[in-house]
Structures are given as C-alpha cells and as structure tokens.
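Asks: Okay, handing you the structure first.
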Amino acid sequence: MNNIIPTQEEIAARVKALESILIEQNVISTAMVDRMVEIYEEEVGPKLGAKVVAKAWTDSEFKARLLDDATEACKELGISGLQGEDMVVLEDTDDVHHAIVCTLCSCYPWPVLGLPPNWYKEPAYRARIVREPRTVLSEEFNYHLPESTEIRIWDTSSEMRYWVLPQRPEGTEGWSEEQLAELVTRDSMIGVGPVKTPA
C-alpha cells in the first residue's frame, strides 16, 4: 500500500484529465466548471472561514461565542449551510495545536472551509495524521511545530465538524478584520499549516 500523500501536481493532473473527459463527453461545460470554482472561491469556503477567524481575533465577545457554539456564532455573520449544521472551533495556543481529519471518509465544514482538498480525502492522510501527526505536518506540509507543543487530532464526522482557530500572528495590532482575514489560510483552519506572515 502506498502511504505517500499525492502531491498537488499529481492531484491537479488527475482532476484535469477527468474534467477533459467530462467536457469531451458533453457531461459538463467549461462554463459550468468555472461557475462551480467561482462559487467555492467567492461565495462559500475559506474566505468565509477567514472572516470568522479575523472577527474572533478582534472581538473577544464574539470569540467566546464562537468557542461556545461555532454554528450559532457563524450564523451571526450570515454563514451557515449544508455540512455546517454542527460545528466546533478548536483554539490553538502556544501549548496546544489542533488538526482535523475524518478517518472514515471526508466530513468537513464546507460553509467555512469550502470543498475539502483532495489530500484530505486520501487514505494515507486519514491514517497517518492520527498515528504520527508531527511527522505528517513536517514531512507532508513542511509545517514544523516546537517539540514542546502538544498536537491534538480531532476526528470530524457527519454529526460534528471541527475546525481550527489559529493563533493571531504577532505584529498585527491595530489591523482591521479585512487585513487580518488576508492572513488566514484554509490549511491553518484545518491545522496543517500556519497563517501567513504579516508583511
């Protein structure tokens, strides 16, 4: 069994091949593909999650509500929908880092993170992140955490969808929510990557 998570290039090549076949067979059109991409890039997905994270970084009362009941707190910002009925947000600290996985399939909080990345659905990721999280984070995602940081893995399911509230980067005091949201990445809300470094 191959335990190596496919590279983004390998995944992209597979997707492109499948897309070409479906277009050639008139199952879908390029306009349909473009529209679906636009929906998940602009109307659903990581940009919305980044908006929630930035709000939590700047509003302690909202952050408390988010950590208490993420589903309801997200609704305050107009964010809800399929695959986001029961969400729990996990706060990263200096001592504890969280990462999410669905060991059974690919359950994922779509309203805030969009479509799951292909690697998230791969059996290798689903098995290895549970057994050897520090190794997977460093070798597969080039994300190196201090040895003193405890890594907790959360198994998301159809009943409960977890996602991560990453730590606010230093040097962002006085930044607007819009500026802060630009630093938040999808991978930081999954727990497999950092937020962007402030410029």
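Glycine is treated like the rest: Cβ placed from N, Cα and C.
Keep in mind it's a predicted model, so treat the numbers as computed, not measured.
What Swiss-Prot shows for this protein is this:
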- CYS102, CYS105, SER106, CYS107: Fe(3+) binding site (BINDING)
- CYS105: cysteine sulfinic acid (-SO2H) (MOD_RES)
- CYS107: cysteine sulfenic acid (-SOH) (MOD_RES)
Asks: Hey, what's the Cβ neighbour count for CYS102 (Fe(3+) binding site) at 10 Å?
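Replies: Excluding its own Cβ, the number within 10 Å is 20.
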Asks: According to DSSP, folded down to helix, strand and coil, what is CYS102 (Fe(3+) binding site)?
Replies: coil
Asks: Can you give me the residues near the recorded Fe(3+) site, meaning same chain, not CYS102, CYS105, SER106, CYS107 themselves, Cβ no more than 8 Å from the center of the site's Cβ atoms?
Replies: LEU104, TYR108, PRO116, TYR120, LYS121, THR156, SER157, SER158
Asks: Around CYS107 (Fe(3+) binding site), how many other C-beta atoms are within 10 angstroms of its C-beta?
Replies: 21
